[in-house]
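Novice: Here it is: the structure, laid out below.
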Amino acid sequence: MFGLGGAPQISSEQKLQAAEAELDMVTGMFNQLVDQCHSKCINKSYGDSDITKQEALCLDRCVAKYFDTNVQVGEHMQKLGQSGQFMGRK
């Protein structure tokens, strides 16, 4: 009641800004994933009209590694944030 001791209220505009920022982050991550895995796995000459088995396997592994790495980095950053070491704090 009266905003004492409760969680602060977030306006609709703040929610929209947060959603847009999250969408931008996810879109950026997706574009980075596509760029990296495409340049690593897809032959530049495009000799076949379809993705080869070798390219598909490479793409599968590349995407899996990318997401595994993101999870590991996220967990590490969360631990640093909880311990106060994130952003140069010790």
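Quick reminder: no glycine exception, Cβ is built from N, Cα and C everywhere.
Computed from a predicted structure; not experimentally measured.
Sequence annotations record features per position, and here Swiss-Prot assigns motif 'Twin CX3C motif' to 37-62. According to Swiss-Prot, the feature disulfide bond maps to C37-C62, C41-C58.
Neighbours and distances for these, please.
Specialist: Summarising model confidence by region, the motif 'Twin CX3C motif' (37-62) averages a pLDDT of 92.
Long-range Cβ contacts of C37 (disulfide bond) within its own chain (separation 6+, distance under 8 Å): C58, L59, C62, V63, Y66.
Cβ neighbour count for C41 (disulfide bond) (all protein chains, 10 Å cutoff from its Cβ): 19.
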